[in-house]
Amino acid sequence: MRAGIAAQALRAHRWAFVGPASTQLVAAVVLSATLTVQVSVDGAPELSEMLTAFALIAVYLTILLVGVTMNAAIAQQARDVALLRAVGATPGRIRRAVAVEAAVVAVPAGIAGYLLGLLAGWAWLGTLVDHGLAPAGARFTPEPLLLAPILGILVVTSTVGALIAAVRPARARPAIALADAATRRPRFTAVRLGLGLLLVAGGVTLSVSIADLAADAADDAALFVMLALCVGVGLLGPFVLRSAIAVGRPLLALAGGTGRLAADNVAVLSRALSGALVPLVLAVAFAAVKVAVHSTTTHVTGRTGPAAEAWLDYSGTAVYCLFAAVAAVNTLATVVVGRRRDLALLGLAGATRGRVLAVVVCEAGIVTVTGLVLAAGVAGVTLVPMVHTALGTWTPYVPPSTLAAGVLATAAVVAAGTVLPAALLTRRPPIGQVG
Amino acid sequence: MDDTPVVADGLGRRYGSRLWALREVSLAVPAGQFVAVMGATGSGKSTLLHCLAGLDRPTAGRVRLAGRDITRLREAALTRLRRDRAGFVFQSYNLLSTLTVARNVLLPARLGGPRVGPAALAAMLDAVGLGGLGDRPVGELSGGQRQRVAVARALITRPAVVFADEPTGALDPATGGQVLRLLRAAVERDGMTVVMVSHDPLAAAHSDRLLLLREGRLVGDTRTPDASSISALLAVAA
């Protein structure tokens, strides 16, 4: 097989494929759960329609996220790709090798996800029956044949994502790819700043202007408010993170050298880290809005809304948040893996492993706090006009226990993307990483 | 048809919109010549090597490699030409560290280049002093051994020309000397052509011809003198 040697070389980067594989796993879980429940509740048209919508959203998010994570996975292999290109691998050969790797990765992720999805589907069906959303007689019926379309979707999205991601590295002139990545400087900072401000301003304006709309129309428009704000925040990310550090520096200085080092690191990495802010802020803000709409209604009117409606709303939110969390963890982990040598150098410069990890924990703290503050802002801008229109109050309400759970979940997601990979990477002596 | 291994005519390479890293460089390297390209950091010597080797495309001028004009050659065809007619030794990041010595040396062949039999592989590993180490992962080798693997990989396809970018930059003088003698031997024995970029006068002293670059222009082209005269020339050029 002629693609063999290139594929063999890329296989050395197994870890790079954790990102796409985890995305595919989540996608398979969601698809398997929704489709199995759909088979099980055969004869409940309304629920069936909603489940189809869930599955379609899952496919859409899979295409998007597998593409993004595959891009990062292939970027990590840029130097090996450049060497292979220099000594004689044609662009086509690189593309074939990458496509084969991507297809191979999708299969185990799909099978594991399908099985986990059966478990999730079983639990979910129970709650749907409990809330009267599914017919009481609905029996959980696992359908082995579903594995085929799920694997098909994953293999195709994975391969297509990989091929798109490989276009640039495969075509790049080897001389440029072999040059040190550090010499490439980011550009368009002014354009980015302008676009970010425009989106945030647009989001706020839209939010204020829909405050007078009927509840249904306002609900639909609220999604656009949130999207505009989140993408805007993502574009402003580097500026926001650097401002956050400027504000928080005195506080971080309390943690001594560790805190100062963490602040400096986040400032340098602000551009890469802001890629993780978009999914993080989107997920937290989206969940906050969904929860607050229900809990504020209960809080103000003293009546509980229909539990079934809330449950469906929460189910959908959970799916979105799951994908967003996977995206955030992947982006953060890519940043940490890219810093492998820097972390090793810290070790060589005299930091113990504990100290290195403490720096990473501090960085994770900065990202978490910044993400939460931004998410609170985005959720607030979206919510306040909404609850004012519907309930006449200016203050959304979220139970403290839910708030605490949200903060902990966010911190856990950030830690999973930063502290966990850093802990794994620093297990071996630093000199092996540097040499 | 002209088979001169390397010909450049009015070569220029610009990065971004203003900075010319290379300007108006014309040269020809006949078969069997060992050429050293020297100059200060940023003088354009690596850019010149990359353009001559088809690793980068010039902004102006033309390049012929092994008798073929590569200036407008499509990427896949250019890659095959590089694979079959050129060999490469870089300063660092030369090898795929998870593959064995033998697999690294066989890389061009496995990528579809000229076939290499087991006897030829063994002879090549012996020639570079790595006999019997074929099955070792390159990750376990010393820096000097790795560079000899890279030389073996560059020579095994019997290319028209070997391009070396600071091949001894990361090695001590004794180890670097071994690597340079391997390249010199290929020139003497097989009539190989070598184009080497270096900033080390001791390394350049192994060559037949010395090219000097300053601010992207070719400012010197002489027979290679001894190492101390090279140092003097460099000082003048800088």
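The backbone N, Cα and C atoms fix where each Cβ goes, and this holds for glycine too.
According to TrEMBL, the feature domain 'ABC3 transporter permease C-terminal' maps to A:53-165 (among others).
Feature annotation from TrEMBL assigns domain 'ABC3 transporter permease C-terminal' to A:322-430 (among others).
What TrEMBL lists as transmembrane segment is A:21-41 (among others).
Same-chain residues lying 6 or more positions outside the transmembrane segment (A:53-75) and placing a CB less than 8 Å from one of its CB atoms are 13, 16-17, 19-20, 22-24, 27, 30-31, 34-35, 38, 81, 98, 102, 153-154, 157-158, 160-162, 164-166, 169, 315-316, 319-320, 323, 326-327, 330-331, 334. Taken from TrEMBL, the feature transmembrane segment applies to A:53-75 (among others).
The transmembrane segment annotation in TrEMBL covers A:102-125 (among others).
Per TrEMBL, the feature transmembrane segment maps to A:145-167 (among others).
Residues or ranges marked as transmembrane segment in TrEMBL: A:193-215 (among others).
Here TrEMBL flags A:221-241 (among others) as transmembrane segment.
Here TrEMBL flags A:277-297 (among others) as transmembrane segment.
Per TrEMBL, transmembrane segment is recorded for A:317-337 (among others). Within the chain, the transmembrane segment (A:317-337) has long-range Cβ neighbours (under 8 A, six or more residues past its boundaries) at 15-16, 18-19, 22-23, 26-27, 30, 54, 57-58, 61, 65, 68-69, 72, 75-76, 269, 272-273, 275-276, 279-280, 282-283, 286-287, 290-291, 343, 360, 367, 413-414, 416-418, 420-422, 425.
The transmembrane segment feature in TrEMBL is assigned to A:357-383 (among others). Counting same-chain residues at least six beyond the ends of the transmembrane segment (A:357-383), those with a Cβ under 8 angstroms from any Cβ of the stretch are 203-204, 207, 222, 225-226, 229-230, 233, 240-241, 244-245, 248, 252, 255, 258-259, 261-263, 265-266, 269, 273, 276-277, 280-281, 284-285, 288-289, 292-293, 296, 332, 336, 343, 346, 351, 396, 407, 410-411, 414-415, 418-419, 422-423, 426.
If you look up TrEMBL, you'll see A:403-425 (among others) marked as transmembrane segment.
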Range from A:21-41, A:145-167, A:277-297 with the greatest count of C-beta pairs under 8 A to the transmembrane segment (A:221-241): A:277-297
Seg_contact(the transmembrane segment (A:145-167), the transmembrane segment (A:21-41)) with at least 3 CB pairs under 8 angstroms, min sep 6: yes
Candidate ranges A:21-41, A:102-125, A:277-297 - greatest C-beta contact count to the transmembrane segment (A:403-425) (under 8 angstroms): A:277-297
